[in-house]
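Here is the structure we will look at.
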Amino acid sequence: MGRVAVVSSLVIVAAVIGSIASYQVKPANYAKLVEKQKKFDEAFEKEFYVEHTKYVETGERSERLEEMFEHMRQQPDMFRMEMDNHPLPYLTTECTACRALVTTYLTYRRVLGWDRDRIAAQAASTCETLNILTPANCVKIVNKNIDILLYIIDNRPSLSAQTICGIIFQSGTCVLEDPAFLNWSINVPAGGRPITGSKTSPNRGASDIKIIHITDVHYDPHYRTGYNAVCGEPCCCREGQGIPSNPADGAGEWGDYRDCDSPWKAVEDAVRAAARQHPDAAYVYHTGDIIDHGVWETTVAGNIVSMTRTLQLFRDVFGSKPVYSVLGNHENNPTNVFAPSYIDRTDFSASWLYDFSADQWSTWLPTATQQTIRQGGFYTALVRPGFRIIGMNNNDAYTFNWWILYDPTYLQAQLQWVHDTLLQAEAAGEKVHILAHIPIGTGTSYRTWARQYRRILDRFWDVITAHFHGHTHADEFNVFYSLANPQHAISVGFNGGGTVPFSNYNPNYVVYYVNPQTYQVTDFESWYFNLTEANQNPNRSPIWTQLYSFSRDFQLSNVSPASLDGLVRRFASNPTDLRRYWEMKVKRGDPFLAAGCDGDCLLNHLCEIVTNEANDDSKCNALAAIFRNLDDELFNEEK
C-alpha cells in the first residue's frame, strides 16, 4: 500500500506495505494527464496547508478539510499491495496526499518550530483519520519512526516535499528532480567481453546442480488458528485481534489467504518438505523476510527470537548442506530502515542486525565474510572452484528506506564493492550468482541505484550468470537488458515466491537446475500446496505438489536470457500462454483465480518482466503495441 507523508502516512504505510509487485502500463496521453495533475496537486497542496492549519488552531475540521481527507483516504485493498501494483488512479491520489502532507509537516517543523511530541501526536491523528491503523497502533508506528525522520529533516534543511515524494513514488507528479539524488555514480571502467547478442545457455542435463530457493517465510509468533483474519489492519490472524463471531473469518490452521503471515508449523512444514522432496540438492538460497508484518510492534529482541528460531530450523533440517542467506527489509527494526554505517547513534544503527547475521550465518559462510556482513549485511563466498556467490543487502536502496533522503550517495559503497568483487571474480575465471531480497530494478528500487547497477551488469554480463530475489511473494522472473544495447537480453532474475500466503497466494518454494560448468540456470520448477485444501484437512500436513516445470510447461529448450526474451515476446502475441504464466506467478491462489486477470491486468504483468528501472517504459511500450493489437475474444470484451 502507499499513502505517504512525513511521520504520518509516509511512516505508516511504508512500514506496513504488502508485497505483490506488478508494472502499471501508462496510457497514451499520460504526459498530458501528468501536466494536468501537476496543477491540481500544487493547488491542493497549498489549500490543504491552509485548512489543516486552521484545524490545528481551532480544533475543528472544516467541511473542506474533511473533503480533502476523504480524497486522500486509504483504499482498504491497498494494504496487501506493493506500490508498483496500485492502479494509476490510486497512485495519483497517493502522490497528491504525499505532497500535501509532507509540505504541511515540513512547515510545522521548520517554520513553526513544532517539537517532537507535537509532531508525533498530530501524525498519529492523521494516521487514524486516514484509516491506516487503529488509533493505538498509529501511535506505536509513529513513535518507531519519528526520531529518524526528524533527524533527517533537521539535518537536511534543503530537503523538499517534491524530493521526498519523488524518491518514494518515482512517477507521475511525484517525479524526482533533485540533481543530488539523480547524478551520483560509481566507477565502472571499460572492459569485459563485448555484448554482441542475447545470452544463451546449455540445456538441462543429468549432471546439473540442484539448488533450493526458500524466501519470505514471514513467521508470525502471534498467529493463532481461529483468530480474526478480517481484522481491518494490515496484518491479521493475531492473538490480540480476538476470535470473530463468524467462524468463517477465523484464521486457518496452515495459514490464511487474507492479510496474515505464517504460523510456526507452516514455516517448519515448508522447510522440511523442501528438504524431504529434494535430498539431492547441493545448496539452499534463502532471500530474506523472516519477520512478520506486524511492524507497529516489532522489537529488536523479538526479531532476534524469530530469526534465531528460523535459522536453527535450517540447520536442523539441511544439516551440512550450505545455506546462503540475505537480509529482507523486514529484518531490521524499524522495518525498511537501514542507516549508513557512519551513523553511530545506537537507536538508529542496524549494527545489531549485521552482528547477529554474521554470527548466525557463520555456520555456512567462511570467516572472510565477517567483515562486510558486520559492516553492512553483505558478503561474497566461493562456493566451489569457479563458482562464487555475492549476497547483497539491497534493502538500503528500497524507496522506503528513509536514509536515502539523508544521503543517497552512501549507497555507492556497497555497489562499488560489488563491482570490485566481480572484477576479481572475472580475473579468477569465476562465475557469480547474485542474491538480493528486493528484485533489482522494480518500481520500489531507487532509480539512480538501479541505473548504476545496470552499468555493473553491462560490464560483467558474462560473469553474472543469474540473480535470485524474494520480497514480492510472487513466483516470477525478470529479464535484464543491456543498458548500452537494449535489444540484447543479458541476465535473468528468478524470484522464489514465498512460503507465506500473504496475501491471496499459495505457499511455495523453487528448485533450480544449474549447469556445473557455466553455472547458468538451465531450468527451474516450483512446488506448492493449495491452502484451501490444507485448511480443510487441518489434522494432516499439507500436500506439496509440483506447480510447474518451466521448460516443459512452456516448451523451451532452456531458460537462458535469450530463451526467456523470446518467451516474453511470445506472451505479447499469445494471451493463452501469458495467462498460464500469470496463474503460475500467483501460484494458483484461489482468491486470485476467482478474481481473474483481464487484458489490462495481463499486460501489466507482462511489462513487469522486462522493466529494469523505474520510468524506463521502452520495453513495455514495444510489447504493449503488439499486445493491444490482438484480435482476440479475450480483449474484444474489454475494448
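Using N, Cα and C of the backbone, Cβ positions are placed for all residues, glycine too.
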Disulphide partner cysteine [TrEMBL] for C231, chosen from C236, C237:
C236
If you look at what TrEMBL says, which of C95, C237, C260 makes a disulfide link with C174?
C95
In TrEMBL, C237 is disulphide-linked to which residue out of C165, C260?
C260
Sparsest-packed of the listed disulfide-bonded residues (C95, C236) - C-beta count within 10 angstroms:
C95
Just to verify: the residue among C138, C174, C237, C260, C601 with the fewest other Cβ atoms within 10 Å, which of the disulfide-bonded residues is it?
C601
When the Cα-Cα distance from C138 (disulfide bond) is computed for each of the binding-site residues D289, N329, H473, which gives the smallest value?
N329
Could you check which of the binding-site residues D216, H218, D289, N329, H437 is the closest Cα neighbour of C236 (disulfide bond)?
H218
